[in-house]
Amino acid sequence: MAPDPWFSTYDSTCQIAQEIAEKIQERNQCERRGEKTPKLTLTIRTLLKNLKVKIDLLKDLLLRAVSTRQITQLEGDRRQNLLDDLVTRERLLLASFKNEGSEPDLIRSSLMSEEAKRGTPNPWLCEEPEETRGLGFDEIRQQQQKIIQEQDAGLDALSSIISRQKQMGQEIGNELDEQNEIIDDLANLVENTDEKLRTEARRVTLVDRKSASCGMIMVILLLLVAIVVVAVWPTN
């Protein structure tokens with residue numbers, strides 16, 4: 001498996017910091033002997049610039065790894081602690097280069113960092129959880145990749161559930177549209193039926209009126225016939 005670029009850069013940055021500490025110590029020893037040190041000073045200044053570039057690169061790599069979930073938040077915090085230590089060492093080295101710091105403290109800090117790289121207990125590992133305690137970088141990275149895969153699987157399952165719910169919602173919406181269409185058709189049918197009933201009722205009323213008129217006419221005709229019969233009926 002290819003090495004993690006962050007840790008590769010971190011290792012090279014630590015080497016630069018260690019080299020700067022050694023060069024500063026060498027320069028100070030030369031100055032105590034009254035020797036000129038322009039070449040050493042130029043070398044140290046160049047190494048300090050390289051150290052700053054490396055630290056900025058580590059910051060960018062860490063930010064990208066955390067934002068894209070390539071590593072867990074726990075691992076991100078652990079790397080941030082390592083990065084903070086490098087930033088502190090950079091300030092100490094710069095102060096010592098400018099003769100503003102204590103050389104013994106600077107060299108001791110740098111050597112302690114190198115011993116930590118070789119296996120001396122690291123103060124940030126004292127509170128390390130059981131899941132990662134005693135594991136190497138590759139093993140921790142594999143564990144993180146497994147966690148990320150599990151998280152991705154969970155997100156895929158959640159996405160599938162949401163998709164099914166969305167599909168069910170669309171189906172329910174389509175069914176409601178169909179029910180609304182049926183209700184609209186029934187409403188139109190009821191309205192048409194009601195109109196037909198009103199029309200038939202008007203026809204029945206008209207027929208009733210005509211029937212009543214015909215009855216009156218028949219009565220009148222019968223009365224006329226009766227009058228005529230009585231008039232022509234012989235009295236003897």
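Backbone N, Cα and C define each Cβ position, glycine as well.
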Of the residues SER8, SER102, the one that Swiss-Prot lists under phosphoserine: SER102
Swiss-Prot annotation of coiled coil - which of the ranges 42-65, 186-209 it falls on: 42-65
Mean of pLDDT values spanning the topological domain 'Vesicular' (233-236): 68
Residue counts (helix, strand, coil, in that order) that DSSP gives for the domain 't-SNARE coiled-coil homology' (145-207): 63 helix, 0 strand, 0 coil
